[in-house]
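As structure tokens, the structure follows; a few thoughts come after it.
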């Protein structure tokens, strides 16, 4: 009985399986036919799909700034001034500029501890990068090698066209009537070595046109141990056909280091004090353009006020032409108080105090 009851069940199972196989085959044929019939129309489907652009947050932020304008600070020492100095430059330099800090593992880690620095990085305003392993900046000679290296300008700093180089002994003054973008027409601007010279200027605080430097470095190579990079580059840039380097008088308005520049003359240049609401409006508008206002800017009369200063020797050396008189130092203290950040000395004792009497003459 058990044997006879099993065989009918097995036969029914085979019949059901056969029907399922045939049904599956029909469905496959139908699907293949449908796909074949629809194939000519697939090419037109994409125009109905939405077009999207995938950008991460940092890419969206970075687009706010001009990648052709880069302010560069290179420092392998973890010194306390780094974060305050960068944040000050960010606040004074025109807002379309981007900033880059290149340092050692120690100095990058030190700077990155600042919340304000991290916020600038997140906003795409500032990049923190390491000095390449095949390069060093531990001495003036090594810095000169770095800043005369073709690869640095062609690859490392690209796509920059204008490069503001600044160091821990340089400062831009918030009270200045000058704007960094005023100097973009020049291939090189820095504190003049010769106020009457045709070109040349200190590289510690300098504005450089990258494309012209690349042109020089593609044709010439600096010999190790020769002139400092700024002397070597400006000499070659200045003799290029069509060169446009700032002369001594223009450079004096950009940065002061050794030689004093033109003095402000408020009585001749200033607008008279306003006496009516309309004159007040005109005066305020003129002030936004950098005009001097009589009765407000009288304290600036007779003083040299460059856009910034480069002191030299990491802030340990001050030149007589700029600093050699208590009256001059007192004015710098008022005009550019942020310079205190880069003076590596007892400022309470020396600025604007009565130091060596020989400096008064």
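Using N, Cα and C of the backbone, Cβ positions are placed for all residues, glycine too.
Per TrEMBL, the feature domain 'DUF5672' maps to 127-272. Annotation source TrEMBL lists transmembrane segment at 21-39.
Mapped onto DSSP helix, strand and coil, the domain 'DUF5672' (127-272) counts 47 helix, 25 strand, 74 coil. Confidence in the domain 'DUF5672' (127-272), given as mean pLDDT, stands at 94.
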